[in-house]
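Novice: Sharing a structure here in structure tokens format.
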Amino acid sequence: MKKNALAKDFFMEIKKTRNRFLSITLIAALGVAFFAGVRAAAPDMNMSADLLYDNSNFMDIRVLGDLGLTDKDIDAIRDVKGVESVQGGYSADVLCSTEDAQLVVRMMSDYDQINKIMVKQGRMPQKPDECLADERFLSLSGYKVGDTISVKSGTDEDIADTLAVTEYKIVGSGTTAYYLSLDRGTSKIGNGELSSFLVIPAESFSLDVYTEAVVRVSGAKELLSGSEKYEDTVKNVEDRLDAIAGGRCDIRYESVRREGQEELDDASAEIEENQQKLADAKKELDDGEKELAEGEQKLDDARKELKTARDKLTDGENQLAEGEAQAADGENQIADGWNSYYENASTLEEKKKELEDAKAQTADGEDQIAEAWQEIDAQKTALADGRSQLEEGKAQIDQGRQQLNDGIAQTEAGIAQVEQKIQEIEAGLPTVLDGIKAVTDGISQAESTIEGLKQNQADIRDGITKLEEQLAALPPEAEDIRQQLEEQIKIAKEQEAQIEAGITAAQEQLAGLQETLQQLQGQKAQMEDALPQLKAQQQTLPATLAELKEQLAQVDAQAETLAEKEAGLADGERQIAQAESKLRSKEQELEAGKAQVEEGAAQLADGENQLGEARELLESKEQELAAAKDQIEQSRKELEDGKAKLSDGEKEIADGEAEIEENRQKLLDGRREYEEKKADADEKIADARKKVADGQKELDDLKAPKWHILNRDYIQTYVEYEQDADRIKAIGDVFPAIFFLVAALICLTTMTRMVEEERTQIGTLKALGYSKLSIAAKYLCYALLASLIGSLAGLVAGQKILPPVIINAYGILYNNLPEVVAPLHAGYSISSTLLAIACTTAAAGIACYKELMSTPAALMRPASPKSGKRVLLERVGFIWNHLSFTNKSTVRNLFRYKKRFFMTVLGIGGCMGLLLVGFGLKDSVRSIGTIQYNDLLSYHAEIVLEDKATTEEKEEVVNAMEKDKNIKSFMAVYKTSMDIENEKENVTKSAYVMVPENAKAFKEYADLRSRKTKEHYELSDDGIILSEKLAKLLDVSEGDTVVLKDEETDHYEVKVSHITENYFLHYIYISPELYRKVFGETPEFVDYLTINTSTESSFENRMQEKYMEYDQVSEVSFITKTADRIANMLKSLDTVIYVLVIAAGLLAFVVLYNLNNINISERIRELATLKVLGFYDMEVSRYVLRENVCLTLIGCVLGIFFGKVLHMFVILTAETDIMMFGRDIEIISFVYSILITLFFSAVVNFFMHFRLKKVDMVESMKSVE
């Protein structure tokens, strides 16, 4: 029956106080929603990315080889334990022209199983002349699916060495998990910025080896990407791949050496062949001169014989005319034959010259290839050294991180245990003290009761004795009086027995109370002994934890630095592999050219043979003509024998002279040509011999290649996405906790007020015999139900709404994230729900305990009203005397209800602080880009030359910049990366060292100043200038000494002269003279900072293309592009900040509404009395709400200080090692926060006015009881 009555009363209570119930529910919902929702955003980001990786079967490991990868290498990787699948692939950077610009595009082969492309439109390419385009490529270029595009090489190398097809039809568009964001990376061609990618079939490449291999690890797909288990699983396979890498590289090394030796042997044979041809040409000239001398001697002999014959044959001239005519015809025919012979000989000489030119070009090509191989080997050596150092650093970092994580976990567990024990003791000690007090009071009361009962017993015994005496003295006839006296004696004895029983019961109760008192005093002693020890541990353990976390942050920073270096190594290795592939293609082309030259030489030899046969035929015809002349002379011998002989002799002499003169001229021309070309040929042959020797030396010095085994941490967008998730996690670790604390504070106030209001009902129930537990169960269940309903609604709404909102905000950066995953996290759901329930039920339990310790009679009487007290302002007469009655009442009421005062001020101050943190975060994030790249850095571009650039190459670029009208000024600087250490704290960080060529003029390019005082610094020879974040991480200040470490790990101690304002990356500024003094060498100034006439994108693109054409220029970067990239990255935090501001505003409204509602409920009789006294509704509202406004203003003042402290804590928690957020909050943010708080206060006052209008004046007439 009692249980049914209590249950009915419980539900009636909810119905009667539904506003209060809904208020607690709403506060719990807000607290849980924000606590669970914001904290769930970071894991949801990771789970969303992991879903994308799993759906696209994204690679876990990427393998690159210095000399490429063969099919056998792929098979070897496939056989490694833990490798689920592997595919080899190709990639190359090319140029693609559009109407407005020339884009740098990465051609990627299609992996059909791994790294699947997400097709958005069309289909995947199937033919060699088809491609799938990056969606960003279509937006940048203006092309669409179905169009045909062409690509070309961005270097001097023929694109055919890399691609078999240069024109492609776009058959689809899509995205890849490799590029989560809009950034596609950098390239060594074009303007240096990779704009997009194109996917083509593997057969579209003409490379003979793979440029890379992608690997999927068994079991990794089921794990969350980036988790510790995932990293360990992938690391195991990396180690196994590293174990086989050496053997596979040795095989590849021997293959390359063998092929290279064969090419060198062929080149040596060709050189010897050309040398022999040169010797043959000289011998041919010498033989020709000898034949010419013999012909001239024969001609002289013929002239002498002709002179003799002329004297004898004068008479036969007429008879010889006919014979001479016939002989002349024969001679003409022979002359025509000789003319044809000489023309063919001239053509043959031209072919010989062309053949020699082709051979020279072939030799030049071999020289260039040999030089390229030498350069590639040097780069391989440097990369191999860097990789070795990197792997050692990674191993050390992994070991240190594991040790620190173990230490942190142990320390955090110890802190939690100590804090729990302290809370238990602090919560239990007041209870024990109250129990001791209650038991002591009970003992005193019991002793007083026993004394009273004994006194009453003695009085009754005295009365019995007197009655018995009177009875004995009565005469026998007084029977009526006797009966009365006997009845009184009987009654007195019954009373005496009852008193005796009461004394016995009281004594038993006294014994029980004394035993209880001893137990409570023992508990008190134990608690008081344990509490100082636990508090001592509580003071020491956080320091230990902070130290371990700081060490872990240092290790993480070192890991980030190694990751950046490793990414640079990977880019270098990929570029070397591409260069080797192109070089082999050039070598194949050279071999084809050699074959053509050899074929031409064979054809030339055939021509020379045919020409010799023609010469022999002509000489035979001449002999036949001479025989014919002899026959003519013989037939006419009788008539003109002498004259015919004379005529024939003259003709022969004339022909001989002409032939000799012609041959002499040809011989002179040949000799001159031989002398002209001999020097050049000798030089080329010598150069060829030298190149062959150099090639042989390079081949002998060729080192074994290496495999570069890279996991997902080497992908830029993958790392950036994880860092953004970490930023959200950092905010989620701090902000929701404060939010939840304020909500819990309001719940505590509400439940405490509820119990205090119903003290009369509690006393009545207690007087009726209900147990303390039964009475308390009503309020505990009330709090439990309200908080449970609010928690369930809050955890669902928070985890389903807030994470998608926050993650979608990052869509600006990570536009390739197709689906957002927002599950309910059991850990966050249970912890937030338990916290909400614990706060409300604990508040109800504490309030109930206090009331239940009182007697029913005390509970059924109303609590004594708090007495009014003089306030400090009353002592200031000239102010107090000028205040009106209502204003004086307001001042007194503010300090009369101290509990309400502090709860309201703390609640409003907390909400105001949360609002200020939200707006302050926006100020801190948005200001740093403007300050960094507009105020601190004044230069616009940075042109970086190759480290090996010669003086002439540097002067070439400098001259170009001096002539460039678009460059106002420029300065040479030396920029490198170097480790810096604080040996006292044992802290080491990596930073960029910048040494300007002109320290005085450097202020035009960078403003070195103090963030706090704005004092400007100049570089001096006394010490270095550190960036602020770096100085903080190293824990150094001006005047301290730090140690710089170069690549050889040499240590150089320098003094810190100043600390400059800086927000991105770490910088060390050193004057050139100080650098020479510290390092003992002059810095190599190969970087140039420029101040330009424009910062427009089109202008910067043209400038980038112009200076990237210089081979010695390795990079051209612009401040505007860096600033835009960082602004886009930080812009994604805006939505997160808006969520924080909106949530804080809602909490402020709920806090104000709830506290005002409690205030009115507490003072309902006072307000009814005011109405009875004649106060109008508006006057009553102003009387009450004036206090609310004052408390709101006081809370705003407190919120300003609390917000600044919390803002500083949040930004220090959220910023990464390489980034520093702004430390200042804009004035307008203070204004916005105050106005929002005042706005919600005004809205609450508006609603409260209508409630005050409904106050019934009859309330003031009712009895308090």
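Backbone N, Cα and C atoms are what each Cβ position is placed from, and that goes for glycine too.
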Novice: Quick check on the annotations: TrEMBL lists region 'Disordered' for one of 227-262, 371-406, 623-658. Which range is it?
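Specialist: Checking TrEMBL against the ranges 227-262, 371-406, 623-658, the region 'Disordered' one is 623-658.
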Novice: In TrEMBL, which of 309-328, 469-488, 509-528, 749-768 is tagged region 'Disordered'?
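Specialist: It is 309-328 that TrEMBL describes as region 'Disordered'.
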Novice: In the same chain, which residue numbers or ranges, 6 or more beyond the ends of the transmembrane segment (826-849), come under 8 angstroms Cβ to Cβ?
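Specialist: Counting only partners 6 or more residues beyond its ends, the transmembrane segment (826-849) has Cβ contacts under 8 Å with 24, 28, 31-32, 35-36, 39-40, 431, 740, 743-744, 747-752, 754-756, 762, 775-776, 779-780, 782-784, 786-788, 790-792, 794-795, 799.
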Novice: Can you name the far-off residues of the same chain, 6+ from the ends of the transmembrane segment (1135-1155), with a Cβ under 8 Å from a Cβ of it?
Specialist: 23, 26-27, 30, 34, 38, 41, 728, 731, 735, 739, 742-743, 746, 749-750, 802, 805-806, 808-809, 900, 903-904, 907-908, 910-912, 914-915, 917-919, 921-922, 925, 1188, 1192, 1236-1237, 1240-1241, 1243-1244, 1247
Novice: What parts of the chain pack near the transmembrane segment (1188-1210), using Cβ distances under 8 Å and only residues at least 6 beyond its ends?
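Specialist: Distant Cβ neighbours of the transmembrane segment (1188-1210) are 731, 734-735, 738, 890, 894, 901, 904-917, 920-921, 924, 1152, 1156, 1159, 1223, 1225, 1230, 1233-1234, 1237-1238, 1241, 1244-1245, 1248.
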Novice: Give the nonlocal contacts of the transmembrane segment (1230-1252) in its own chain as ranges (CB under 8 Å, at least six residues past its ends).
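Specialist: For the transmembrane segment (1230-1252), the far contacts come to 908, 911-912, 915-916, 919, 1145, 1148-1149, 1152-1153, 1156-1157, 1160, 1167, 1177-1178, 1180-1181, 1184-1185, 1188-1189, 1192, 1195-1196, 1199-1200, 1203.
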Novice: With DSSP helix as H/G/I and strand as E/B, how many residues of the domain 'ABC3 transporter permease C-terminal' (734-855) fall in helix, strand and coil?
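Specialist: The composition, in the requested order, is 101 helix, 0 strand, 21 coil.
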Novice: Per DSSP, what is the residue tally for the domain 'ABC3 transporter permease C-terminal' (1139-1244) in helix, strand and coil?
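Specialist: Per DSSP, the residues of the domain 'ABC3 transporter permease C-terminal' (1139-1244) fall into 89 helix, 1 strand, 16 coil.
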Novice: For the domain 'ABC3 transporter permease C-terminal' (1139-1244), what's the mean pLDDT in this predicted model?
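Specialist: 81, rounded to a whole number.
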